[in-house]
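Per TrEMBL, the features are:
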TRANSMEM  6-22  transmembrane segment
TRANSMEM  34-51  transmembrane segment
TRANSMEM  63-82  transmembrane segment
TRANSMEM  94-113  transmembrane segment
TRANSMEM  161-183  transmembrane segment
TRANSMEM  195-214  transmembrane segment
TRANSMEM  220-241  transmembrane segment
TRANSMEM  261-279  transmembrane segment
Amino acid sequence: MSEWQDSLIFTILFGLVVYGGIRRVDLLNRALMFGKLGAYLILVVLIAPHINMANIEGGDYRYITGTVMILITSFGFAIIVPNLRDYFNDDIQTLKKVVLIGSLIPLFCYLAWDAVIMGSLPTEGSNGLAALMQDPHTTSTLAKNLSNTVNNALISSLFNFFTSICMLTAFLGVSLCLISFLADGLNMEQKGRQGLALFLLTFLPPLLIVIYYPGAYIHALSYAGIFCIILLLLLPALMTVSGRRKFSSRYTVPGGKFSQWVVIIFSLVLLINASWQLMF
């Protein structure tokens with residue numbers, strides 16, 4: 001099959017799972033996570049012995065600001081919190097535990113993964129990380145480079161399996177949030193003709209982008225970071241400032257006005273930095 005046919009079948013198949021609601025997504029996601037964790041651990045164990053400390057040493061602090069947007073996007077799973085609140089029936093204590101644990105586990109996994117990738121592959125050169133950023137097929141090229149570096153054919157298969165599950169779990173989570181967001185914003189129900197319209201609004205635009213511009217994902221990460229700052233940092237803080245003036249609630253985020261304005265100022269600084277990076 002051609003790539004567009006693969007993309008179409010993938011979108012329809014797993015889009016229907018998302019259309020079925022958070023319960024179906026939860027059950028499928030649990031099964032996927034077991035396979036994802038197993039592949040991740042095997043990859044780290046196989047690649048770790050090939051880490052070259054010279055690849056990790058050095059660097060240039062000037063590039064830290066350029067990675068902030070990608071870092072924020074990597075933790076953009078906070079968009080699923082409204083769905084989780086409904087799922088846990090407004091049990092704030094359980095929700096706080098889920099958010100904390102669900103943030104720490106990816107953090108440790110990211111750190112270990114970055115260490116083995118950056119340590120085993122050089123920064124420069126045709127097989128380096130810098131060249132990889134310009135490749136429209138980043139995932140498959142990275143798998144090939146790792147397989148050549150480790151000299152183990154199993155690496156490529158495991159890596160493709162691992163990244164496929166990563167993409168699928170991300171697809172499920174983001175799609176669930178998007179279809180719920182559209183249903184809420186457009187005041188539509190996720191069934192009947194309105195449900196079909198929501199399905200098309202959620203999945204058709206990204207499907208067309210994937211088919212006609214397959215390298216868009218990597219190039220869009222910086223822009224995605226800007227939207228994440230606005231949606232996950234700036235707007236919630238501004239809504240909190242406004243909400244505390246107009247409404248009363250049985251639960252409030254600790255820190256009072258100070259924490260709110262720290263988040264707002266930090267968000268504005270990040271937005272200015274991101275805009276500067278994109279312009280220059």
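Any Cβ shown, glycine's included, is placed from N, Cα and C.
Any TrEMBL annotation is an automated prediction that lacks curation.
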Quiz item: Are there three or more C-beta pairs under 8 angstroms joining the transmembrane segment (161-183) and the transmembrane segment (195-214), sequence spacing 6 or more?
Solution: yes
Quiz item: When you check the transmembrane segment (34-51) against the transmembrane segment (261-279), do you get at least 3 Cβ pairs under 8 Å, counting only pairs 6 or more apart in sequence?
Solution: no
Quiz prompt | Contact ranking winner - 94-113, 161-183, 220-241, 261-279 against the transmembrane segment (63-82), Cβ under 8 Å | solution = 220-241
